Amino acid sequence: MAGVGIRSYACHRQTRRLLDGDVLMSPGPGNTDMPQTKSSPIAHPYPGRLITLDGIDGVGKSSQIEILAERLRSEGRNVLCVRDPGSTDLGTKLRAMLLDSDLEMHRRTEAMLFMASRCEMIESTLRSALADGVTVISDRFLLANVVYQSVGGEVDAQTLWQLGRLACGGVQPDVTLLLDLPAEISMQRVGGEADRMESRGVDYMAKVRQAFLDELPNAGGRTHVIDASGTIEEVAETIAAIELF
């Protein structure tokens with residue numbers, strides 16, 4: 001699979017240090033010494049698994065979530081797919097507001113609406129699913145909230161992490177898969193369908209991409225950066241090589 005693969009956030013030496021700092025080795029085809037990060041030994045106290053996919057717009061999260069869910073179900077796992085924001089009545093309404101290109105709001109306002117949507121999703125759906133042993137795959141989670149609302153400087157990332165942990169009530173991802181793509185390619189893929197955040201332009205998206213890489217170590221659980229520039233099938237093969245359980 002030329003040009004497609006997993007790389008560690010550790011390649012970005014300018015990023016902040018790990019929380020709790022340990023680096024795990026996760027061997028795979030052609031990646032026998034591939035670093036894998038873990039910023040917290042316990043993601044949540046439940047038997048289920050929370051896997052999140054994230055990245056800038058246009059990286060192909062939706063396609064990869066569908067493929068991953070189908071593969072895990074074929075292995076006999078009970079899988080629930082959610083999206084953040086969304087997946088509840090309140091979340092769906094908040095999502096429409098947050099992505100409305102005609103609606104302007106302060107970054108703190110954005111941050112609080114995202115937090116409210118995530119809190120509702122956790123308390124109405126995720127917590128009980130994880131307690132029942134379900135594998136939950138989430139399209140975005142707290143990492144995206146921190147990244148998008150901190151870029152621009154109106155709200156600092158540390159404050160957002162603190163607020164986010166409170167809103168999540170002890171639930172954080174077991175595994176975060178960050179699909180990475182240059183901002184220029186992202187904007188080409190999005191095309192003329194840009195929402196309110198995407199419409200801020202390629203320079204903004206480049207800052208968002210770097211912020212994802214910088215903040216990834218703080219996401220909790222194990223984290224992987226995946227090259228999303230290949231075909232859907234190539235990226236899916238890369239994800240399939242990762243140990244998720």
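Each Cβ is built from the backbone N, Cα and C atoms, and glycine gets one as well.
If you check Swiss-Prot, you get these features:
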- Gly55, Ile56, Asp57, Gly58, Val59, Gly60, Lys61, Ser62: ATP binding site (BINDING)
When you average the Cβ positions of Gly55, Ile56, Asp57, Gly58, Val59, Gly60, Lys61, Ser62 for the ATP site, which other residues in that chain have a Cβ within 8 Å of that mean position?
Leu179, Leu181, Ser186, Arg189, Ala228
According to DSSP, collapsed to three classes, what secondary structure does Gly58 (ATP binding site) have?
coil
Can you check which residue among the binding-site residues Ile56, Val59 has the largest number of Cβ atoms within 10 Å of its own?
Ile56
Sequence gap of 6 or more, C-beta under 8 Å: which same-chain residues meet both conditions with respect to Gly55 (ATP binding site)?
Lys61, Leu178, Leu179, Asp180, Leu181, Phe212, Ala228
Enumerate same-chain residues with a sequence separation of six or more from Gly58 (ATP binding site) and a Cβ-Cβ distance below 8 A; give 'none' if the list is empty.
Leu181, Ile185, Ser186, Met187, Gln188, Arg189, Val190
Cβ contacts of Ser62 (ATP binding site) (under 8 Å, same chain, 6 or more positions away):
Asp139
